[in-house]
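Data block below; observations after.
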Amino acid sequence: MNIAKVIVDVPSSAINQTFDYSIPKRFQEVIKPGMRVIVPFGPRKIMGFVVERVSESSFDKLKDIVDVLDITPVLTKELLDLGKWVANNTLSLSITALQAMLPQVLKSKYRKQLIRETDEVLTPELEHLFAGRGFIDYEEFEHANISYYQLQKAIQEGDISIEYLVESKITKKQIVMVKPSKEPYLLEEAIMDIPKNANKQKQVISYFLEYPKAVSQKELINKVKTTSSTIKNLVDKGILETYKQEIFRNPYNDDAIKRTTPLPLTEEQQNAIEPIQASINEHQHEVFLLHGVTGSGKTEVYLQAIQNVISKGKEAIVLVPEISLTPQMVERFKGRFGKNVAVMHSALSAGEKYDEWRRIHRKEVQVVVGARSAIFAPFENLGIIIIDEEHETTYKQEDQPRYHARDVAIERGKYHQCPVVLGSATPTLESYARASKGVYQLATLSKRTNDQPMPRVDIIDMRKELHAGNRTMFSRKLMQKMEQCIQKGEQVVLLLNRRGYSTFVMCRDCGHVMECPHCDIALTYHKNSNRLKCHYCSYETNLPASCPECTSDSIRYFGTGTQRVEEALGKLLPEARILRMDVDTTRRKGSHEKLLKQFGDRKADILLGTQMIAKGLDFENVTLVGVLTADSMLHLPDFRSSERTFQLLTQVSGRAGRHELTGEVLVQTYTPDHYSIELASVYNFHDFYKKEMSMRRKFKYPPYFYLVLITVSHENNVLAVQRTQTIVQMLMKSVKRNTVVLGPTPSPIPRIKDRYRYQCMIKYKNEPNLRPLLNKIMEYFSDDVRKNNLLITVDLEPYHFM
Ligand code: ADP
Ligand code: ZN
Ligand code: ZN
């Protein structure tokens, strides 16, 4: 077995395969699948992943592996296979899929160090190498003639650890530890020798008589109420000793988090959790859809299921959308499971993320709470995977590998034979349809745990405001309610739906929106050509001078930014304290949390923001939620726009009246009778589901049809269209009769960075050979891609169409 199959770090489709390398003698006991190695590749030396060890190769002359980057594998067998699966399913390169599973630190340039973790004697060679030092550069080890096997053993036994330093920026954090330097019976003697008046010193020694272990100086000072000079005194006497220890960064102050205990479950929660527990206990994979209104106690269900998993010695992954991964959210998990929780969040520094990953890798935690990529946590004994807010589109990665965390979760759930729980107040149509068919098991939480009713939602027809002469973006009712609310010392959340800004065209008199006659989707206004275009088919038309519905000439394209709203609000309510939360004010690390904390501390009356304020916030003093333009998302060129509008309105309504105070929601819109707005205002998911499903069926969209979006771009407009045209033709020749191939159509953003972009969309029900066909098409254009700078992206099950 002295040949390694290696996936090399060359991002090119021509190289998307394993290469055989021979394993030189010195690495033979070391190399395992899942380790990263350095191999010669052409004139260069590059990184690669060992995926397998074999004894034979069909090639005669193999090159040697030149170096080993890991001492223990960074990827498990399961993850290596999963990488293959991800690559296959997203039509991406194996190397890209494998890289996606690792923390950034392991991908960038770094320096390695070996850290001595023990005072026990190492092997003579290693002792010689360390020469009394606490850590050494890895290079020294490479130059010393010591076997890797020895080092690997020392690492496995915990005597030595390996540390990666990224561009020397990541510094290890060290703390001072204190421990007794004498045996306990000698400590007792030492107490006798301490002068009578040195009571503090005596207390410190007594402490160690009771707890004869090393303790951090800080903790010791806290516990014994002593000072560092007392400790120093004892060190000088030779009774105690201090040393420095590296600690893992923990961005959360675990000790400050109040511990919680399981709550007695409500009947609904009990019914929901039982089949999940059964799936855990019986070691049976099953997908559950937990459909629970906001505030119905879904998280408590997750927590108690995880508790069961932990008690079985297994592990849990909890995925939470990036923007909901607030300290509040993290605390709920740390409050229950304490230090047993790792957090993977993009706001952490690369070093912090790496530390959290290592805690998982070393099996120091059993729970990870994280955003999308945490689905690849290197656990080996998974007992449950939970995806909260399963409808969030951020679970789909937007660049290669374009995986959906839900699909990966189910794949891992099958491997580990454990349940996957998808939770949401507004499940996706895809998931709900599967639950209706019995593919997923449905559990419903229909009531809030505090038995508070859902806040009342009022729809405000902004057309009437206009007719009444109100040209501001705030209806009279919203203004009045905001004033009242602030007067009472209560708080307001104001949502501005900024996505889809200035793209759709609407009549301000009658609310008519220009839509495509073939797709029932809003047309996009193209300012340059002054034309309206459909991005699903090729339909386009001129911008009409007057409304085709009511002949009013108040027809125009729409858009408002948060900044403008803030200014306007400041003029109308000069005494109100406003906090603005959008991409601009939350760019800096930690600013998101800071703004939320300010609002929680009631340092502001109004929290104004985009989508990011709709999720997961829980402030007891919020009694009014206002949505400024409910329809702005409705008219995006995206077949999911109604679904997203429904989801967003439901989510944001859930922010009001979560505690004693009752809440109220005002939704401003120009299309008050659109079903997504009407049904969201009465929390009627069921009717929305039925209505939207009928639309999806009619227009051949998911979940009735699968979608593939192919985007082709090139600097030359004509070439881009022609290549897209060729793709369309190739597809047409091979697909089934009920498969729809649309295009070439210009992308909604037709030119980015001087590249012209065209799309082709495939809608299909069953095409078993689609993946090979798409691969063949990619292959066909590989010369154009390599030499001619053509770019083709294939997005299976796309969520973004821009
Ligand atoms: P969701 O995640 O469904 O929006 P949460 O989990 O945030 O709902 O629960 C809403 C509130 O109800 C939280 O304050 C939570 O502590 C509380 N809660 C959950 N389950 C129970 C229960 N069984 N008994 C009492 N309170 C509960
Ligand atoms: Zn009109
Ligand atoms: Zn169309």
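In case you wondered, yes, glycine gets a Cβ from its N, Cα and C as well.
Copied from TrEMBL, the annotated features are:
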type: DOMAIN; residues: 279-445; note: domain 'Helicase ATP-binding'
type: BINDING; residues: C507, C510, C547, C550; note: Zn(2+) 1 binding site
type: BINDING; residues: C516, C519, C534, C537; note: Zn(2+) 2 binding site
type: DOMAIN; residues: 542-696; note: domain 'Helicase C-terminal'
Please give me the CB contact count at 10 A for C550 (Zn(2+) 1 binding site), counting all chains in the structure.
13
For C516 (Zn(2+) 2 binding site), what is the tally of other C-beta atoms lying within 10 angstroms of its C-beta?
21
Which residue among the binding-site residues C534, C547 has the fewest other Cβ atoms within 10 Å of its Cβ, if you could check?
C547
Near ligand 3, which of the binding-site residues C507, C510, C516, C534, C547, C550 are found, taking a Cβ distance under 6 A to any of its atoms?
C516, C534
Around the Zn(2+) 1 site formed by C507, C510, C547, C550, list the extra residues of the same chain whose Cβ is within 8 Å of the site's Cβ centroid.
R508, D509, G511, H512, P548, E549, T551, S552, S554, I555
Among C516, C547, C550, the binding-site residues whose C-beta sits under 6 Å from ligand 2:
C547, C550
Where C507 (Zn(2+) 1 binding site) falls in three-state DSSP terms:
strand
Three-state secondary structure, which DSSP defines for C547 (Zn(2+) 1 binding site):
coil
